[in-house]
Amino acid sequence: MFFLLFFLSVTEVCDRPLVSSLPPSSFRSSSQLSTSHAPGFAKLNRRDGAGGWSPIISDRYQWLEVDLGERTKITAVATQGRYGSSDWLTSYLLMFSDTGHNWRQYRQEDSIGSFPGNSNADSVVHYKLQQPAIARFIRLIPLDWNPNGRIGLRLETYGCPYTSDVVSFDGGSSGLLYWLTSGLKRTSRDVVTLKFKALRNSGTLLQAEGQEGLSLSLELERGKLLLLLRKGRTSSTEPQRLVSLGSLLDDQHWHHVAVERRGSHLNLTVDKHTERYLFFCHTSSFSPLCMFPSQGNVTFSCAEPVSVAVTFTGPESFLQLPGTTMSSSGGVSIGFQFRTWNKKGLLLSFELPQQGGVAWLYLSEARLQLQIHKSGASLNDGQWHSVELNSRQGRLTITVDKEERDSSQASPSFPVTVENGSQKCRNLFSVFQGCMRLFTVDNQNLDLIKVQEKQLGNYSNLQIDICGIIDRCSPSPCEHGGPCSQSWTVFHCNCSDSGYSGATCHSSVYEQSCEAYKHNGNTSGHFYIDVDGSGPIKPQLVYCNMTEENTWMVIQHNNTELTRLRPFTGVNQYSIHFDYSSEEEQLLAVIKQSEHCEQELSYHCKMSRLLNTPEGSPLSWWFGGPGAGRVQTYWGGAQPGSQQCACGLQGDCVDLQHYCNCDADRMEWTEDSGLLTHKESLPVRSLVLGDIQRPGSEAVYRVGPLQCHGDRNFWNAAFFDKETSYLHFPTFHGELSADISFLFKTMASSGVFLENLGIKDFIRIELSSSTQVVFSFDVGNGPLEVRVESSFPLNDNRWHRVRAERNVKEASLRLDELPVATQEAPADGHFHLQLNSQLFIGGTASRQKGFRGCIRSLQLNGVTLDLEERAKITPGVQPGCPGHCSSYGSLCQNHGRCVERANGFHCDCNLSAYTGVFCQTEVSASFKSGTSVSYTFKEPYEMSRNSSALPSSIYSDMTLRGENVSLSFRTNQSPALLLYVSSYYREYLAVLINKHGEENTSNLFISFFQIDQNAREDFNLTSDGEFNAIKSLVLGRVHESDDLDADLSRLASLGFTGCLSVVHFNTISPLKEALLRPNSSPVIITGPLAQSNCGSAASANSYSAENTHHLSDQSGSVGSGVPLVNSIRIDSALIGGTKLLYLCIFFTGLYL
């Protein structure tokens, strides 16, 4: 059954007093202390009687009710204590009703239910309702009162008359039709508004039928309002759900509905919430026919049935009703309806007189259970469910939702629990929180108003004549598609598959760019990127190519390979469309936030012209930019609008009369290739190639992936050099949900990062001490603080990350990677955060407690504030903030050197044997027996740490008193020479594997001079063991071995077969130079040498100890080392087990 209401809105001041002129008969109350304390004396500023209303007992079960005589628009309420007394309210609830039953609690901002009261007996507290209420009856329920007095009240309400027409449908077979005037001019905007209240949770409210079999309908389904589109005139056609909005709309209260069409958009509004749908059907598809509910007998009045509900609010709530008398059939029957969000709770218990026991009916996991037997399904969906129990001749019959199609019935046998002792209500199960109504015992309705008036039964902590159920998931507080579930008191968001985290799935779990992933220490790979953080754009999977110079974000499309075209008979043009792995808004956001973007566009041609001439119409073109893209008539490497290729810009085309190589129209293959770098023209959406139809024409095209580097947001920073300096921005709007993130570095021990004030509300994040960050705010119910304490100082001039979030459920604060600190929202709900001042960054409005240091990458609700642009025009604040190596320098590994950049840093790997973005990638090569890599040193070998005055002769007295050699290898060869260093003095240093014993060989991974996980060994050479005037270093086969002894010479001529990796000799990496810079380094390569990842297995063991061996010129003990004998001629050290690493240093004896 539906009631529809059509109202007339008259513009007038709606604030006249409504209560002061009413007779005493318009007032009712739960009780009165005496006749002079009667409710009729509760009029504002009156002194009649005892000066106001007071009940006989001051508790939360008391109420005062006013009948305004007719439905009225109520805009404000005012309260006052009882005159000349200590009796006044400090807080209260406000209820409204059209019938004097089925009360509805007025809530501020959907959640806060209580109103602030008085602080004395005479002052008036006036409260303007944020949304006017339409009702005839008002009921005020005291919550708290003066602890030194009792409940005392005088009140007034303000508003104006409310006029409306009403139509009622009882669910029969007729309806109300309305035809629009034929020839009515169509407009770009159509609006239908109405109010309705429903007694059932399903039915059709409104339907518009149009041409071509299309129809739009508003339908109520399980308490939710659906906007449906049907194609076809048969009722069996499955409708398309356009919008779903609202919940619990069958609560017998009026709900406002508006359907609005603006161009191609349809807006559905239910009460205060609106959903939008983009409607692609042509506006003329609907003929001017509207039909209000197609079922029901129509009356133009609103005779409403009265059903009194009770609300079980918590653990102390119960309702005790009188027992039944035995019927003639020797049994008992009980019926009621309930609704709840909880999965479990005790509904009912009653005695079984014949069996001498007690039956318990309860919910468990949203199933109805009687003892251990289950019946029903999904009973915690917030809908009304009817339950009937009948006990006849020792058997119980339970019926759930008897009038529904999916009703359940069970007749279980069960063991009876015999109760002894008190008749007081006991609960052995979980507490039920929800609503019940329509109680029947032996088919007789129970009057709950008598229960309320203490004439029948007993109760505790109940709200009678009201169903206080709230759908906390409508509209859903869960963002980014996170499913919402709820109990009676709280909601829960399941963020597991959303890509977001937090109580409302608000904060992204992914970084916003490849640049951010790099600074977390990640190397190249696939990553999810969320370009707007907590904003509406979904995460996208991209490839991050981390190079030493730039960090590239690579977005693929459906055809990045070279594609060959042959002549198409009868086809003048060939069109190719490119579909990207990212959605439109993701692409545009990536391009916008990147410093540079590019895309390769190449065309290989044979008798296939491209653009022809700048003066004529182009033969081929492409579309690029937002949406479907705009026509572009230039090619890769040229400028927009030039109708040229790269060779035309450079003046080196194969035919200087043309501006593209392909336009020369030659029989030989040629190409026009280059990069498109104009961001407004990216990405490439499609190609149109026009000269492919002639005999002999052939072409190959390629459109590369979109590649972007640089993150404008990540490095956007400002430096605050004074406590009084700050930046200001427009007011921050984060009424119900707000997230703030930024990085800071400072040497100060305290300071305010951010502050925004309102009249009473505020939000602030500050460094309260050198080890603590505080997030504080006030949304009208008192200040709330969330603190994170660090075990290390935060004023260390290193970057630290702060992430703060406030939503309807909790506030949270995270500092770096420390555990998240949270603070739950107040139990009575939440207020909107109402701010009105400017947003201050780096300081406060009072110019006190300002922040000194750098703030970077500041984002509010996913939007980056441009600190640098504002800093350029603000005294005391400088744009940018150098000095990133103090924070990120540790990412550079293996002797890589951190180099500062204006926006970030990079790792210089020139002094490292490794390469890669963090000098983390091993440089390895596979050696054959004939492979030789010879590195020639300068003449003389310059080593600044060993000499301050370099001699002019290569046979000078320059000596190297220490060598640092490291390498990794894998081989099955034994013995084998790994490294050989010679000098101009015919001295040499050799690292070799020496055969020892007959054990089988195995793969080894070493760094000189400790092998794998073996303990480090130190050796001392004699004091005059010096290595002079180094000439060359050889890896693999040694071709000049005349100066070696016979055994070593034979070994050197065999070469090395296996893998060498990360070879490092003092500051030189000979293998890296040979593989990566063979043309610019003093390296001679003979034999086969191929770069390989053969050394990667060694690098995979990231927990290996550093393996080094040092040769020292200091005599005596170093560690546990013992001087070696015969060190004048040859110094050597043996390290290892079954396979020994052998160091051999030969001196000529010139220094004897």
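The backbone N, Cα and C atoms fix where each Cβ goes, and this holds for glycine too.
Automated prediction, rather than curation, is the source of TrEMBL annotations.
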As recorded in TrEMBL, which of Cys854, Cys898, Cys907, Cys909 forms the disulphide with Cys881: Cys854
Sequence-remote partners of the domain 'EGF-like' (469-506) [C-beta within less than 8 Å, at least six residues beyond its ends]: 224, 245-248, 251, 273, 311, 339-343, 382, 433-435, 528, 530, 534, 538-539, 737, 739, 805, 807-810, 812
Residue distribution over DSSP helix, strand and coil in the domain 'F5/8 type C' (14-160): 9 helix, 70 strand, 68 coil
Segment-level pLDDT (mean, integer) for the domain 'EGF-like' (882-920): 87
Nonlocal residues around Cys854 (disulfide bond), in sequence order (Cβ under 8 Å, 6 or more apart): Ala717, Ala718, Phe719, Phe720, Phe744, Lys745, Thr746, Cys881
Helix, strand and coil residues within the domain 'EGF-like' (469-506) as assigned by DSSP: 0 helix, 8 strand, 30 coil
